[in-house]
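Below is one structure, written out as structure tokens, with a few remarks after it.
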Amino acid sequence: MKTLALQLQGYLDHLTIERGVAANTLSSYRRDLRRYSKHLEERGITDLAKVGEHDVSEFLVALRRGDPDSGTAALSAVSAARALIAVRGLHRFAAAEGLAELDVARAVRPPTPSRRLPKSLTIDEVLSLLEGAGGDKPSDGPLTLRNRAVLELLYSTGARISEAVGLDLDDIDTHARSVLLRGKGGKQRLVPVGRPAVHALDAYLVRGRPDLARRGRGTAAIFLNARGGRLSRQSAWQVLQDAAERAGITAGVSPHMLRHSFATHLLEGGADVRVVQELLGHASVTTTQIYTLVTVHALREVWAGAHPRAR
């Protein structure tokens, strides 16, 4: 194995063993660093000790530009900034371990992303989406019951899709109407669950899950696929897409849009931004405050259309 490949693997091992980085995050780092490794090798660099600050800066430029010849798409500012985080971590590790004399990525600044407001659904659209999933008839099968429970839980708790499909049976208490979510970095938070979501979960756990569980090997996962294994993020995404299509919602709907809707509707209902921060599992209230801009934007539109001196 080449020196550069060994150095990259050493950093990934460090993230796994010593830092306990989540599997999804590790997968993203591996993908970004593979791209960085290719960038360096194309310049004849096979050792981190030979990398200069300009090599890192040029990598960032290449990410934003893309490469039509190789079919590599240009990355957004957000995606490029994420890739730079992985590269910075690599060079910080290299300097600390004596693999390189200096941390050459330290001074490279990430691109500034445009401040786009997160898209959310209206309350009526969410209700149509949930009803489109079915699960409210005695004749509904186990997969329909599961689909309704997944969507109700996502909207009721604001959970990330990975948090929802990662739930085990011990993580939810339908009597106390609460669920234990495991977020980024292994951080846990106890979140209340609304009554409609509890009803959907009870229906699935009693009438749906046992049938699915008999097809599998005894996993503790709450949400099971048709073969009795843990439901994947991709399959949960498809559940949402199918429900949106049945509800006649033409705009692209993603699991994160339900999370955005959860936060926006809470703030519109008068919830304190720091409470929403805790419910979402954000490390900083600054991340949550983007949703306050959504509600202010909606108020501004109403004001502009109704106030005689708005124009």
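Please read every residue number as a count from 1 along the shown chain.
Backbone N, Cα and C atoms are what each Cβ position is placed from, and that goes for glycine too.
Copied over from Swiss-Prot, here are the features:
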type	residues	note
DOMAIN	2-95	domain 'Core-binding (CB)'
DOMAIN	116-304	domain 'Tyr recombinase'
ACT_SITE	R160	active site
ACT_SITE	K184	active site
ACT_SITE	H256	active site
ACT_SITE	R259	active site
ACT_SITE	H282	active site
ACT_SITE	Y291	active site, O-(3'-phospho-DNA)-tyrosine intermediate
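The most crowded of the active-site residues listed here (K184, R259) is R259, judged by how many other CB atoms sit within 10 Å of its own CB. Rounded to a whole number, the C-alpha distance linking H282 (active site) with K184 (active site) is 9 angstrom. In the structure shown, across all protein chains, R160 is the one of the active-site residues R160, H256, H282 with the greatest number of other Cβ atoms within 10 Å. Looking at K184 (active site) and R160 (active site), their Cα atoms lie 10 Å from each other. DSSP states for the domain 'Core-binding (CB)' (2-95), grouped as helix (H, G, I), strand (E, B) and coil, give 70 helix, 2 strand, 22 coil. Under the three-state DSSP scheme, R160 (active site) falls in the coil class. As a whole-number mean, the pLDDT of the domain 'Tyr recombinase' (116-304) in this prediction is 85.
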